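Residues annotated as transmembrane segment in TrEMBL: 23-45, 57-76, 81-100, 106-124, 136-157, 190-208, 215-238, 282-303, 315-336, 351-371.
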Amino acid sequence: MTADAIPFWNIGRGKATNIRELAYSYDGLTAFTPFWAMAAIFSIAGDTYGLIGYKGQIYMALAWAIVLFSLLLFLYPRRTWVLVALAGATVALFALRLPVASNNKTITAVMDGAILLSAAVLYLRAGRGPIDRVALYDQVRIVARALLAIMYFYGIFHKINTDFLDPTVSCAVGLYVPLARPFGLEDNLFGRYLAIYATFIIEGIAIISLYWKRYFAVGFILALVFHYIIPISAYSWYMDFSSLVFALYVLSIPKPASHMLYGISLKVANRLRENYGRIGTIFPGLALMLIAAAIVMLLTLVFPERSFEMVVHSVWILVWAVVGGAAMVVLTYVALENLPCENVAAPRAPAWIYVVPGLFFLSCLSPYVGLKTESSINMFSNLHTEAGRTNHLLFTKPPYLFDYQNEVVKVVDSSKEFWVRQSQAGNHHILHDLKLWLRWKPEAWVTYEKDGAIVTRATAASLADEMPNLLERKLLIFKLVDFSRPKVCTH
């Protein structure tokens, strides 16, 4: 019998007992795909306005395609074409969104790009035949491990600055305070410093453990706990980031651990399939969503002043608390059962597979060379590199290769009130971003100060010769510039 024999719908028909008799062979991709589907759903769930068509019909179609392919991946985890379709839809939506500030969406797009590239190469090598799932797994897991290592490396490197180490403004403290407040410890100086330096320690251990396979569980478990907790702080929409990290770890863990995870997942899935058919694998998630929504809606009766965004955020935090918690427990069990882990030699990977993480590593240097200050794994780092100045402890001034960050302006007046409000709040802008906005809104105008000179009522027409080209429009995005010191954590 094959997996195709599993009925799609089996409610009210008695148990399909023959499901347990199916002959399944270990498949590392099948252990990974439910986690990848979960990460995709947590990511798109945070884009409520995109899902309801506020950002355009093409955007909405791609967003719902991601939802559809994610659900299909839960139902058919062995269907390679579903994984490829999800990767394709995600990359297409990322391209439509560009420029993208989100680090986790950038990492996801890089991983999905690697999946598409590897699948395409294997498809062509097979003479346009079925893709070798074992080879695909062996290739993309190299990228996943490298992306985690790059993420943790820059998570440390970007934070080596005076303001991240300052307990009054550090982004680590921004995460610590909501978690410590219920215990009255939010102002505890020791707790604040502990949050700062624990960030370096945890991320450092995580990097080492990624490549020290025998004792991978040490850093793995620390990372699981860390990434499980941060979304619960409600400081930001962290569920997508944490679920992404969980999924990348599932690809990165040694094969004996992956094999055990596969066995556990198969037992759970088969019990649901026996009772409800293939559709049963998504029933627990749907039930959890309904319960979480009901709890939050009841709470809105007590706190009716809460915004729609907060209501949505609260529902998904509850979902993450259960789903992320269950995933953390299972993955921790798998890790401990494989400690120390036997090192299984992996087949030699083609050299081109390292190009993807290599390019991503270089792109994360962009703040220091004068390029983008968003989407460079510098989230919540307090890093500042604009106007030829930096708070980084390893540079007296950033080694610019490009001048974008030197063009810092102060908005004086504008037809767009939010520019004025940002300026009145003490923020400056990178001129590139103002030009980009003017191009999108040709009727808008802005008066700004640059290098002591006032430019009056600049428009897309008056700056036509200076407008960003296609690559600049798609690849460059900058944070607001705040020259106050110490630099308060923003994002």
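Going from the start of the chain as shown, residues are counted 1 onward.
Glycine is no exception: its Cβ is also placed from the backbone N, Cα and C atoms.
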Selection from 23-45, 57-76, 136-157, the stretch that has most Cβ pairs under 8 A to the transmembrane segment (282-303): 57-76
Residues from the same chain, set at least six apart from the ends of the transmembrane segment (57-76), whose C-beta lies under 8 A from its own: 8, 33-34, 36-38, 40-41, 43-44, 47, 50-51, 82-83, 85-86, 89-90, 92-93, 96-97, 278-279, 281-282, 285
Other parts of the chain folded back onto the transmembrane segment (23-45), taken as Cβ under 8 Å at six or more residues beyond its ends: 1, 3, 51, 63, 66-67, 69-71, 73-74, 77-78, 80, 82-83, 86, 90, 104-105, 108, 133-134, 136-137, 141, 239-240, 243-244, 246-247, 250-251, 255, 258-259, 261-262, 265-266, 312, 316, 320, 323, 327
Residue numbers, six or more beyond the limits of the transmembrane segment (215-238), whose CB comes under 8 Å of its CB atoms: 46, 174-175, 178-179, 202, 205-209, 245-246, 249, 253-254, 257, 313-314, 316-317, 320-321, 324-325, 328, 331-332, 335-336, 338-341, 491
Residues of the parent chain within Cβ reach of the transmembrane segment (81-100), under 8 Å, 6 or more residues beyond its termini: 29, 33, 36-37, 40, 58-59, 62-63, 65-66, 69-70, 72-73, 106, 108-109, 112-113, 115-116, 119, 131, 372, 374-375, 473-477
